[in-house]
Structures are given as C-alpha cells and as structure tokens.
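Asker: Got a structure for you, written out below as structure tokens; questions coming shortly.
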Amino acid sequence: MTDVDTRWSARLRLALADRSVGHRTADVVLDEVAQHCAATGETPEEAFGPAEEYAAVVVQERIPPEDRAGSTGTHAEHVGAALMAIGCVLLLAGPVLWIVEGAMLPVTLAGLVGVVLVVLAATGGNVTFTLSGSRVRAAVGWGVATAVLVVLAAVAFTTLPATDLGRIPALTLSVLGIPLFYWGLKHGSDSAADTAKAARAGTGTDAGTGTGTEGWLRELTRQLKEEHGIRAARAAELTAEAAEHLRATGARPEEEFGPVGPYAVRLADEDATPHERWWLRDGVRSSALTLAVTVGLTWSAFSAGLPVWQLAVGCAAIAVEVAILVSSLVSHWRSASSRA
C-alpha cells in the first residue's frame, strides 16, 4: 500500500469515527477496501472516490436510520466538545508559556479580563463551528454571542488598566484546563444529554414541537434543513409531499411514516443533494485551522521584531497553506458539480 493509499485509509477511518461508526465496522470496511484494491489493482480513491464521501455512503448503507436519528449530537454534547477543546488548549498553553516567557507570568487587569473573554469567545466559536453543520439557527445565535465576546475582549485589552497585579505560575493555565476538560466531558455525556438524544430520535411526536400532524411536519422540516443540510426549498417540498400523503390517507404521521427522526434520515438518504457543509470537510477544516495558526505565529514573530528570514519562512508557510485550502475547496466544488 502506498503512502497515498495509507492517507486515504486514515481519512476514511477519521470520517467514519466523525459519523459515530464503531471501530469494528470501520475495520470491516477498511478490510473490504484493501481486498478490493488488491484484486483489481485500483487505488482506494479510484475505486471508492473521496474518503469523506465514501464514509457517508457506508453510513447510509450499514447504519439503520433508527440508529442515525439525532446522531448530529445534542446541544449539551456540542458545548461539552467545545469545553474539552478549550481545556486541551489550556493544558498545552501552560508548558509553552513556561518555555517562552518563564515560570512566572505577569498579571494585569486588562490581560486577566481579556483572556477570560477570549476563552469564552473561543468556546463560543467552537460551538458555532460544530453547530453550523447541523443546527443553523442555534449556530447563528452562538455566532452572534461569539462576535460580542470578541469585541468585549478587544475593548478589555485596549482600555482597562495595565497595572501589574502580581505574577502567577505559567502552569496555572494547565491546572485550569484540567477541570474545564473534565467539565466538558461530563457535560457532554451525562444522562441529560442521553435523554435529550433519545427524545430527538423520538418514538412519537418530538418534544417541544407541538402535538399532532402539524408539529410532526414542522419538526420534519427543521430536521431536514438543520440536521441534514437540505436546502430550505427542497425541505419544504419534501414536507409538502408528506403532508399531501397524510391528507390523502387520513392517517397520523407516526402511523404512516414512523418517528420523525428516522423518517428524516431516510428522506435525506434518498435526496441527491450533497448534505455535508463544505467548511466541515476534513481537508478544508484542517487546512483552515493550520492556516489560522500559521498566520498567528507569523504575526507574533512580526510583532516581536524577529529576523527577516523567520518572517519570510512564515509568509511562505502561509502561501502554502492558502494553496492547500484553495485546492481542497476546488476539489469539493468539482466533486459537487459532477454529482449535480
């Protein structure tokens, strides 16, 4: 197996894990891919297409709709994942600052308030990003809150007093990261989150959407748009077809179609429109993250007055990351166009 094939397999495994496919199923799928490629001489990309798209096919073919209903995660799970990510950043920030700045860090009112607001904004941004692929309405709310926090952080850094309040150990950040990580883990996996997911999958009319046919249809439209990425016009069309069928038969939606969650999954599987948000694709996501980190490091080097050659290396790295990001976007749009 070549390096390209190995990377494809790794992307497939990650994409399957991202879709909550267990490791045993993933192992079976990868074994089947390897056997097919050995028998035909094709590469995995040639035989099965992009890894992320094949992962979606595997989920549709091997995971029952009942098991996939509500699989985009509850609100608590998204917040918990964001808290865990910020906790990991703080855990790593302590040793890094110790190496760069020394064992003790100066504390000012501007810095203290600003850093707290930045952590809150980072948490909000993380939640916004993850929700943007499934719950657009909630993502907009989190995005607005994140923007407000960013503005407040900028105001805090620039207007609050910079008087030295003392010094704290750099590893304090790591100590703070531990409970934040644990809180996120507990927040995203407690019984309330499990109860919420069960309610979303539903065994009847979903909670919070009203009762009867109208509530069921409203929830169907919402799930098609926000959890499966189907365009609003197409979601309205599918809902109208279901409503027309119910009027013709006089049946209740639960009796005719079953719980709304699994039915929405089946409709999404049958729809030809690609459902994955382009900014959540693994290649685009990783390239954008690396680009952001590279820009930040280069700007820090510029602000610190480091040698020109280091700035040149940073600028070259930015150019490479931009090229990779553009390549990922072009590849996605070409793939989407070929399916259209």
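Keep in mind that glycine also has a Cβ here, set from the backbone N, Cα and C atoms.
Because the structure is a prediction, the values reported are computed rather than measured.
Quick paste of what TrEMBL says about this protein:
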- 79-100: transmembrane segment (TRANSMEM)
- 106-127: transmembrane segment (TRANSMEM)
- 139-160: transmembrane segment (TRANSMEM)
- 166-185: transmembrane segment (TRANSMEM)
- 284-302: transmembrane segment (TRANSMEM)
- 308-330: transmembrane segment (TRANSMEM)
Asker: Which listed stretch (79-100, 139-160, 166-185) has the most C-beta pairs under 8 A with the transmembrane segment (106-127)?
Answerer: 139-160
Asker: Near the transmembrane segment (166-185), which residues from the same chain, at least 6 beyond its ends, have a CB less than 8 A from one of its CBs?
Answerer: 79-95, 97-98, 101-107
